[in-house]
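Asker: Encoded as structure tokens, here's the structure I'll be asking about.
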Amino acid sequence: MHKILIRNNYKPLVGKIKINGSKNAVLPIMAASLLSSSSVILHNVPDLIDVHLMSKLLESLGAEVNFMHNKNYKANHTLKIDCSNINNHVMPYKTASKLRTSFLILGPMLSRFGKARTAFPGGCNIGKRPVDMHIKALEEMGAKIEIDGYNIIATVKGKLQGKEITFEKISVGATENVIMAATFAEGVTTINNAATEPEVLDLIDFLKKMGADIEIDNTKVIITGVEALNGCVHKIIPDRIEAGTYALAAIITGGKLELEGINLSDIRCITNELETIGAMVELYDGGIVISRKNGSIKSANVATDPYPNFPSDMQPQLMSAMCIADGISVIEENIFENRFTHADELRKLGANISIEKSKATISGIKSLSGANLYATDLRSTAALVLASLVAGGETIINNSHHLWRGYEAMHEKLNSCGADISISS
């Protein structure tokens with residue numbers, strides 16, 4: 001079991017952190033590489049467990065995947081993917097079941113090869129993330145989908161057919177899957193109520209570079225099927241969730257961090273709320289600087305909602321800051337129904353948190369105390385790290401392997417700015 005040991009040295013974090021390419025952008029783009037019979041080269045790729053799991057899935061289908069590390073620092077790696085010799089359509093259960101985005105391989109495999117078999121997707125246990133919307137949309141396009149225990153078998157005779165798809169609610173994954181499926185479909189596919197997150201737009205940009213015919217009109221995406229896609233070179237957008245997490249590290253410790261490789265426009269949906277609680281955001285050539293204005297952290301009322309609103313992936317980290325804010329804060333979680341698991345662990349540090357259905361009420365206290373904690377998922381682990389930075393004494397976070405699914409070398413980056421964090425297995 002991986003453990004993180006954090007010692008509070010009462011130092012504000014000061015320094016520079018390089019922001020990686022987006023985890024939530026690179027994974028669907030890796031899946032989309034299946035649509036090309038030529039090589040694709042991806043730059044600004046993060047070195048994460050989920051990236052390597054997706055690489056294994058692609059390799060199991062016959063792809064050649066080459067991850068090239070940037071030896072200079074812990075970011076901006078390169079990934080070359082060649083899907084010219086795909087010879088299998090069955091994804092191994094053991095790997096697919098560990099990765100939520102394994103389901104995104106369904107759309108491109110159906111579109112290019114007419115068949116795919118995968119397991120129900122894994123990932124973080126943060127509540128229901130149903131794939132019903134994916135399945136319904138693909139069936140509307142002509143796919144036959146069977147569920148055999150924990151496996152999903154999808155086939156189509158001939159080509160998928162362009163259709164008008166209207167999602168009952170906004171779904172990033174379903175939007176991405178249908179976009180990829182529609183790339184080679186016969187005719188025009190229109191997606192109404194589509195997700196327009198930056199990561200979805202990055203996928204569309206990647207597909208268009210390869211030759212896809214895609215247009216966007218507000219929350220409508222229109223895809224006209226083409227015959228083939230070429231290879232391309234593409235740079236993954238910065239990870240706004242990683243940037244937001246480190247921004248909160250600066251605010252919580254009263255420090256000042258330069259976040260290199262991120263533009264303010266990339267994280268405006270996050271910094272708007274951070275400024276409300278007392279953050280100062282400054283621009284510089286190549287990134288932004290985050291610090292806390294004079295005084296303590298202010299309380300706030302925040303609700304998570306689809307882009308361009310505050311993202312659910314930042315909710316646990318924000319709660320950590322609210323634990324030591326002046327006054328009472330309320331966080332409403334509108335995306336996932338089981339995303340308050342970190343609250344129990346924050347209480348072990350002394351936090352005053354009450355949960356009622358989708359709302360968390362946090363009464364700020366002056367200080368936290370170190371404790372023995374257990375992580376449950378990726379973002380909750382990040383939240384516990386942030387809170388532990390200002391908890392008196394030592395804090396141990398058990399089951400911390402979740403962190404490496406979304407943050408490359410977080411402990412090294414924070415230590416370079418003054419933190420005292422060590423890792424043990």
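The backbone N, Cα and C atoms fix where each Cβ goes, glycine too.
Keep in mind it's a predicted model, so treat the numbers as computed, not measured.
Checked Swiss-Prot, it gives:
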type     : residues         : note
ACT_SITE : C124             : active site, proton donor
BINDING  : K23, N24         : phosphoenolpyruvate binding site
BINDING  : R100, D313, I335 : UDP-N-acetyl-alpha-D-glucosamine binding site
MOD_RES  : C124             : 2-(S-cysteinyl)pyruvic acid O-phosphothioketal
Asker: Could you give the Cα-Cα distance between I335 (UDP-N-acetyl-alpha-D-glucosamine binding site) and N24 (phosphoenolpyruvate binding site), in whole Å?
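Answerer: Approximately 16 Å lies between the Cα of I335 (UDP-N-acetyl-alpha-D-glucosamine binding site) and that of N24 (phosphoenolpyruvate binding site).
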Asker: Taking only the Cα atoms, work out how far N24 (phosphoenolpyruvate binding site) lies from R100 (UDP-N-acetyl-alpha-D-glucosamine binding site), in Å, as a whole number.
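Answerer: With the alpha carbons as reference points, the distance is 11 Å.
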Asker: Quick one: Cα separation, K23 (phosphoenolpyruvate binding site) versus D313 (UDP-N-acetyl-alpha-D-glucosamine binding site), in Å?
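Answerer: Cα to Cα, K23 (phosphoenolpyruvate binding site) and D313 (UDP-N-acetyl-alpha-D-glucosamine binding site) are separated by 12 Å.
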Asker: For each of the binding-site residues (K23, R100), count the other CB atoms lying within 10 A of its CB, then report the residue with the highest count.
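Answerer: When each Cβ's neighbours within 10 Å are tallied, K23 tops the list.
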Asker: Select the most exposed residue of N24, D313, I335, where exposure means the fewest other Cβ atoms within 10 Å, treating these as the binding-site residues.
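Answerer: Result for the binding-site residues N24, D313, I335: minimum number of other Cβ atoms within 10 Å at I335.
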Asker: Under DSSP, is I335 (UDP-N-acetyl-alpha-D-glucosamine binding site) helix, strand or coil?
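Answerer: Once the DSSP labels are grouped into three classes, I335 (UDP-N-acetyl-alpha-D-glucosamine binding site) ends up as coil.
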Asker: Record lists R100, D313, I335 as binding UDP-N-acetyl-alpha-D-glucosamine; longest Cα-Cα distance in Å?
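Answerer: Farthest Cα pair among residues binding UDP-N-acetyl-alpha-D-glucosamine: 16 Å.
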Asker: Per DSSP, to which secondary structure element type does K23 (phosphoenolpyruvate binding site) belong, with helix, strand and coil as the options?
Answerer: helix
